[in-house]
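Inspection log for the structure reproduced underneath, given as structure tokens.
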Amino acid sequence: MDVYRIQGGRVLQGETRIYGAKNAALPILAASLMVRGVTRLHDVPNLQDVQVMLEILQRLGARAEWIEPGTVEIDATNVSSTDVPEDLMQRMRSSIFLMGPLLARFGDVRLSKPGGCVIGQRPIDYHLRGIRQLGAKVEEQHGFIRCTSHRLYGNLLSLDFPSVGATENLMMAAALADGETIIENAAREPEIVDLARFLNACGAKIRGAGEHRIVISGVHHLHDGEHTVIPDRIVTGTLLMAAAITGGEVVLRNADANHLLAVLGKLQESGLRVYSEHDIITCKRADAIRPVDMRTEPYPGFPTDLQAPFMSMLTLAKGTSILRENVFEARFKHVDELLRMGADIRVDMRTAVIRGVSRLSGATVEASDLRGGAALVVAALAAEGETEIRGLRHIDRGYESLHQQLAQLGASIERLELNC
Ligand SMILES: CC(=O)N[C@H]1[C@@H](OP(=O)(O)OP(=O)(O)OC[C@H]2O[C@@H](n3ccc(=O)[nH]c3=O)[C@H](O)[C@@H]2O)O[C@H](CO)[C@@H](O)[C@@H]1O
Ligand SMILES: C=C(OP(=O)(O)O)C(=O)O
């Protein structure tokens, strides 16, 4: 079992580059299955979920490999299976992205319910309803889902909630359907825009990605394409919060401030000075952390994926903050661990009240989901003494060598293999 050992109290300082976004790379990797030919993707983060997605593509018969650090090439010409391996399906939520592409290209896909972070019920009803509305037959039995169709047909789809995953899955399926599809109440996240850009670069006809209404004119096939994945806004936010809690000053290169406006606004409200120019974000904390109220919302609101690290930062604010989690109903699992480190937090349903304390103290804690794990790292950087963080498999899903990136900024953090 691997653990992080962190000696808190080091001020983060220096410069680091932000790598490509996991949540953009994963649907794009799945979409590469729709291309009869070769896809080349740059700035692909080398993290666990990406490894699992590459393994899925390989097991389906595609050639999918790193050709240099950060660059992946996929040749999906000879895909021979539409049966997504169950063991890999369970390993991450993003395995659901295989549904739209395989169905659209081959008229057939068999998969099981996806795994991923346990942060709420996370049903896939919008995905299935939308796929049915595009003309597919969907059968659910013994935990497996089989979708089949001779052809998919464009339709008017309306989401009850702007689901990121459903918007992406349906956009991919509709890209090869006959006729026009309109997705109303679509999610507007930058990762959706990135996916649409990739698909359009391969010959798809998608307009309006990033807006509430996406219009997709189906095409017969997609051709070879090359694409660079957008920078990871959640990693960017995590590092800004890590810098803020330690009173540091960091420079983040290849970062997109436009994707983080709600987050940067809240960080400024908390007393962090943030500057951005071109693709560089610089931050500096000179004064005490001020309390801030915040609620998570679909983009362009404050992202739920940064709620946990933001909470860690606010545990040391001078006053009381109130956070409301509006996207997932069970995304406060990090709270118990922060309490072990001396935080003062009360949770009532979807609301957390954080009374700032004067210090956190190092403890042995366990990550139980990806961003909750990152939140423990953020807290540990400012805690007195040593913190040991277990459950690194969750953090590994979404951060590329987080310990190395933080060490580069001056943190005292090491990754150890414990024999137990
Ligand atoms: C790989 C990826 O991109 N993951 C992101 C994606 O997850 P994901 O795509 O799973 O999140 P969604 O936007 O779909 O989920 C939002 C809400 O809609 C609900 N819902 C969703 C689909 C559905 O069919 N039925 C339903 O009820 C969910 O339970 C949740 O309460 O967006 C989330 C919200 O920004 C982020 O936290 C995740 O990091
Ligand atoms: C919840 C997340 O990922 P996933 O949807 O893959 O579980 C996340 O990236 O914070």
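Using the three backbone atoms N, Cα and C, a Cβ is placed for every residue, glycine included.
TrEMBL: automatically predicted annotations, no manual curation.
Site annotation (TrEMBL, ligand UDP-N-acetyl-alpha-D-glucosamine) includes R93, V327; from D75, D125, D305, D348, the additional listed residue is D305. Each residue contributes its Cα atom, and for V327 (UDP-N-acetyl-alpha-D-glucosamine binding site) and C117 (active site, proton donor) those atoms are 14 Å apart. There are 19 other CB atoms within 10 A of the CB of R93 (UDP-N-acetyl-alpha-D-glucosamine binding site), with all protein chains counted. In this entry, UDP-N-acetyl-alpha-D-glucosamine is bound by R93, D305, V327, whose most widely separated C-alpha atoms sit 16 angstrom apart.
Around K22 (phosphoenolpyruvate binding site), the C-beta neighbours below 8 angstroms that are at least 6 residues distant in the chain are P45, L47, D49, V50, D232, I234, R397, G398.
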